Each structure stands twice: as structure tokens, then as C-alpha cells.
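Encoded as C-alpha cells, the structure appears first; notes follow it.
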Amino acid sequence: MLEPQRHTQATTLGWFPDLKQLALHIDNIWLALEIGNSRLHWGLFIGETLHSAWDTEYLPKSVISQLAQSQTLDDLLLQIFPTPNKTDEKAQHQKHTSFPPSPHLPILLCERLRQRLRSVQVSPSPHPPIPSSPPPLLLASVVPSQTAIWETYPNVQVITLNEVPLKGVYPTFGIDRALALWGAGKTWGFPMLVIDAGTALTFTAADANQCLVGGAILPGLGLQFATLGQKTGQLPLVEISQMASLPPRFALNTTQAIQSGVIYTFLAGIKDFIQAWWNLFPQGKIAIKGGDRTLLINYLQALYPDMTTQLIVEPNLIFWGMKEISMANYK
Ligand SMILES: Nc1ncnc2c1ncn2[C@@H]1O[C@H](COP(=O)(O)OP(=O)(O)O)[C@@H](O)[C@H]1O
Ligand SMILES: CC(C)(COP(=O)(O)O)[C@@H](O)C(=O)NCCC(=O)O
Ligand SMILES: [K+]
């Protein structure tokens, strides 16, 4: 399987060839926010470089209105990631769930950036300007109630479907699917199929002409377990985290029977879509994203190793799509 280093690692400041060049970009810090049905996905960009990416839970309305008052980037990042005091560090960490990099990384890196910039002479000003009051926020959301809350942020631009140059889309097509497909295709080429293992599992494909072929939507892994737990009289709520390895297919207890039913049909369904895709486009590429991508890839690898080597795993596809759109807007 390909996990391209260039994209999946949070780019460190060292990525910039020299500090003067970095200083030129310091005014060009912007935040990308994708609102999914489970949580928020954040990207911190310096110019065209994705500097870091992380996930948080939905933020309360009160925090969002405070963000609008932020005078500096530090203020803003502190709102998104309140600095935990020593006693409730663990609680804070759990509240602001994230994958690595740590939620504090942007703050630490911004501080490091400031320190380094202070030591660089950049004409005409000895201290290059630090971005003032809320940096631009590029927003893509599939949750209208959340979009409404974030529209109160002063420097927000909500991306709509007509800004994504993908051809042949239908009016109710999800902006997350459009951006992920666009980002993947622009990065690795078309034809492209994106599999998003998020709240919903989605398949979304475009042909060599960058035209939507179509796709499919079904309940994601978490939703499948949750629905069985919630909508039946005597099935327990099974958590994904309880499944340390593939369960026996023919299970002899309830928990494993649920795990087996959900996971084996999930994987078989994905395999079937992949094969159908390759029947249509033998050279078609496939990229996988979403909160359950790692689990999925590990199990796909165990069951169908040959197929898995051809999959591109990339959590930040939507941010590549957003970057393309923002670059096009500036041209
Ligand atoms: N800390 C977490 N919070 C929520 N979901 C998580 C977390 N870690 C892993 N997941 C998995 O991610 C899936 C949701 O995927 P994600 O891409 O975050 O959703 P969305 O983009 O729809 O908000 C869930 O099925 C869950 O199993
Ligand atoms: C299918 C989705 C619910 C997926 O959302 P997610 O699981 O990523 O939160 C979202 O893309 C959406 O609301 N789409 C609109 C319908 C469509 O794409 O046809
Ligand atoms: K998503």
C-alpha cells in the first residue's frame, strides 16, 4: 500500500528552504475546516503547504464566537485547543480527540516559528508581521446546522459545489466527496475512485475527463454497530475498539457474531466495488480516507493482500481539494 510521505506527514517548518522564504509566507496562514458527520477536521496551511492536520469534536457555539474576537493566530489556536492545566490534561486530551499530531502541535509550531522569525532579518521590516486577527477559514461542510454556526466567523469562505471543477455532478452531491475526489485526482491523476470510511462509507469516482462516474453511500462501520445496538431489543452496543483482530467468521457468541457480520460484509463490499471499478477502468486509481481507514486497510491487507498494494491511503484528501480551489481563487 502507498502512504505517500510527502502528504501524510505533517509538514515541518524545516520544509521551507530558508527562513526568509518562510517569512514571506507568514502572512499567508489560513485554516481549512471540513465538517463531517462525526467531527471536525482541521488543516493549518502556510501558503500552499499543509503544515499540520488534526481532528476535534464539534465546538460549542460560545467558543466559535470567541474565535471571531481573536486578535492573533495564537489567540485563535488557543481557543481551538485550550491549553490543558496539569490536573485535567487527560480529560482535555480525550475531549479534543485527535490523531497525531498532537492537538498542541500548531501552537508549539507557531511559537517556534515566531522565535525563529525574530532572529531573521527580512527587509524592509526587521520583524516580519505576524498575522493579525482571525486568519481566513476555508470551510467545507456536510452538516448544515454546523455550517450555520461557523458562518458567524468573520473571515470564513464556505466552499460550494460549483467551485469544484469536477464535471457532471448532481445538485445534492456532498461537498466532501467532491473535494476529496478532486484532491485525489489532481494529486495522483484520473480516473480516480475515492473510498471514504467515515461516518458513512462512500465510493466516489471520476473518469479520465474529470467527470463524475458516480458512487455509493452506506452506513459506515461505527454506524452499523451503533444501529444494531440502538435499534434492537437485545443486541449490545459493540465498539469498534473492542475488535482487536478479525473475529471468527462463524461466531459462537453475540458480540463476535455482530463483529463478523459487520466487518466481513463491509470488507467484501469494498472488494466488490474495487473489482467493479477496475472492470470499468483497468488503470483506475484508488485512494482511501476517513477515520476508519487504518483498520480497514489492515483487514483488507489480511484478506486480499494483492489488491491492497495498489491502494493509496491518504487522510488529507479534502485538504488537497481545498488547496486546489484556494489556489485557483488567487489566480
Ligand atoms: N476520535 C474519534 N472520534 C470519532 N470517530 C473516530 C475517532 N477515531 C476513529 N474514529 C472512527 O472514524 C469514523 C468516523 O470517520 P471520520 O472520517 O472522522 O468521520 P466524518 O468525516 O464523517 O466526521 C468512525 O466510524 C470511528 O470509528
Ligand atoms: C454521504 C455523506 C453523508 C458522507 O458524510 P461523512 O460520512 O463523510 O460525514 C455526505 O457526503 C453527504 O451528505 N452527501 C450528500 C449526498 C450525496 O453525496 O449524494
Ligand atoms: K468525511
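Every residue number used here counts from 1 along the chain in the order it is shown.
Glycine residues also receive a Cβ, built from the backbone N, Cα and C atoms like all the rest.
Some features that TrEMBL has for this protein:
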ACT_SITE  ASP176  active site, proton acceptor
BINDING   GLU34, ILE35, GLY36, ASN37, SER38, ARG39, LEU40, HIS41, THR199  ATP binding site
BINDING   TYR170, GLY174, ILE175, ASP176, ARG177, THR254  substrate binding site
BINDING   ASP196  K(+) binding site
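Feature map: annotations from TrEMBL on the structure.
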residue: GLU34; record: ATP binding site; DSSP (3 states): strand
residue: LEU40; record: ATP binding site; DSSP (3 states): strand
residue: TYR170; record: substrate binding site; DSSP (3 states): coil
residue: ILE175; record: substrate binding site; DSSP (3 states): helix
residue: ASP196; record: K(+) binding site; DSSP (3 states): strand
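Sequence-distant neighbours of SER38 (ATP binding site) (same chain, 6+ apart, CB under 8 A from its CB) are GLY198, THR199, GLY222, GLY291. The sparsest Cβ neighbourhood within 10 Å, among the listed binding-site residues (LEU40, ILE175), is found at LEU40. Sorted by the number of other CB atoms within 10 A, the binding-site residues GLY36, GLY174 start with GLY174, the lowest. Sequence-distant neighbours of THR254 (substrate binding site) (same chain, 6+ apart, CB under 8 A from its CB) are LEU235, PRO236. Checking the binding-site residues TYR170, GLY174, ILE175, ARG177, THR199, THR254 against ligand 2, the ones whose Cβ sits under 6 Å from it are GLY174, ARG177, THR199. Mapped onto three states, the DSSP output places THR254 (substrate binding site) in helix. GLY36 (ATP binding site) has ASP176 as its nearest neighbour among the recorded positions TYR170, GLY174, ILE175, ASP176, going by CA to CA distance. Proximity of the recorded positions ASP176, THR199, THR254 to ligand 3, judged by a Cβ distance under 6 angstroms to any of its atoms, singles out ASP176 in sequence order.
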